[in-house]
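So the structure is just underneath, and the comments pick up after that.
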Amino acid sequence: MNGGNHTSMTELFILGPTEDPTFCIAFFVIFLGVYMVTLVGNISIITLIRISSQLHTPVYLFLNHLAFVDILYSTLVSVIMLMELLEHELALPVAACAAELCITVLFGSSECFLLAAMAYDCYVAICSPLLYSTLMSSRVCFLLLGMSYVGGCMNGWIFTGCLLNLSFYGPYQIDHFFCDFSPLLKLSCSDVSIIGIIPSISSGSIIVVTVLVIAVFYICILMTILKMHSTDGCHKAFSTCNSYLTAVTLYYGTITFIYVMPKSNYSTEKNKVLSEFYTVVIPMLNHLIYSLKNRDVKDALRKAIVRVYT
C-alpha cells in the first residue's frame with residue numbers, strides 16, 4: 001500500500017463482531033453452528049449432484065458451483081471471525097487482508113452472475129423447452145460459468161486495486177469482522193472522493209445488470225406460466241420460481257445496502273449485521289432454499305440413502 005509520508009502499515013487488527021467478552025462465547029457457538037450447517041449442507045449437495053445421474057443437468061451444474069462458491073466464501077469469512085471471537089482481536093498482515101478482500105468480492109460477485117445464469121436456465125426450460133438441449137448445451141453452460149468467475153475476478157481486482165492505492169495512518173483497527181472495503185476506507189488518510197466510489201460503481205453495475213437480466217427472464221417466465229392450461233405445470237413452475245426468487249431477494253437486498261447505498265445512511269453496527277447475514281447466513285440458507293423444496297433433489301437423496309442401506 002502507498003504509505004505516503006505516513007508510517008508504513010504492516011498489519012491490521014480486526015476487532016470482530018463484538019468487543020464484549022460476555023457475548024464472545026455465545027457468538028462463537030452460534031457462528032460455529034451456522035458454519036458447520038453451511039459446510040455439511042453444501043458438501044452434501046455437491047456430493048449428491050455428482051453421484052446422481054438424474055441431477056446431471058445444467059441447472060444442477062449451476063447449483064453445484066453455487067454450493068462450491070458458498071463453501072469457499074463462508075469458510076474464508078467464518079474461520080477468521082471465529083478466530084477473532086476466541087482472541088477478541090486478530091492481527092492480519094496487510095497482504096492477507098488485501099487477499100481476503102479480493103477473494104470475498106470475487107466469490108460474492110460470481111454468485112450474482114451464477115444467479116443470473118440460473119435464471120436464464122429456468123427461462124429456457126419453461127419458455128423454450130424444445131430448444132433446451134441446444135440453448136443449454138455443455139458449451140453454453142461452461143461459457144456462462146467462465147463468464148461468472150471472470151466477472152467476479154474483475155470486480156475483486158477493482159476493490160483490491162483501490163485498496164492498494166490508499167495511504168493509511170494509525171490506529172490500524174478495523175471495526176468489522178473481516179477485511180471489507182468500507183471499514184478499511186475509514187482508516188485512510190488519502191483523498192477518497194474518487195477511489196471511495198469506484199467499488200460502489202463496480203458492484204452497483206453488477207447488481208443492476210444481473211437484476212435486470214433476472215427480472216426480464218422472470219417476466220417472460222411469468223407470462224408463459226399464465227398461458228399454461230395444466231394446473232400441475234403451473235404449480236411446479238411457480239414452486240421453482242418461488243424458491244429462486246426468495247434466495248435472490250435475500251442476497252441482492254443485503255449486498256445492495258452494503259455496497260451501493262451511501263455509507264452515511266447506516267451505522268457501523270448495522271453494516272456488521274448486514275454483512276454477517278450475507279456472508280454467513282445466506283450461504284447456509286441457499287442449499288436449504290434450493291434443495292429441500294426441490295422434488296428432484298429429494299428423490300435423488302432418497303435413492304442415495306436406499307443405496308447406502310441396502
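Quick reminder: no glycine exception, Cβ is built from N, Cα and C everywhere.
When the ranges 100-120, 163-183 are checked against Swiss-Prot, the one recorded as transmembrane segment is 100-120. Topological domains recorded in Swiss-Prot put Val77 on the same membrane side as Leu184.
Candidates Asn42, Asn265 were compared with Swiss-Prot; the annotation N-linked glycosylation site appears at Asn265. For Cys97 (disulfide bond), applying a Cβ distance below 8 Å and a minimum sequence separation of six or more within one chain yields Leu12, Cys179, Leu184. Contact between the transmembrane segment (134-154) and the transmembrane segment (55-75) is present: at least three CB pairs lie under 8 Å, with pairs separated by 6 or more positions in sequence.
Counting Cβ pairs closer than 8 Å and at least 6 residues apart in sequence, the transmembrane segment (55-75) and the transmembrane segment (197-217) reach fewer than three and form no contact. Taken through DSSP, the topological domain 'Cytoplasmic' (47-54) splits into 7 helix, 0 strand, 1 coil.
Within its own chain, the topological domain 'Cytoplasmic' (47-54) has Cβ neighbours under 8 Å at 60-61, 63-64, 296-297, 299-301, 303-304, counting only residues six or more beyond its boundaries.
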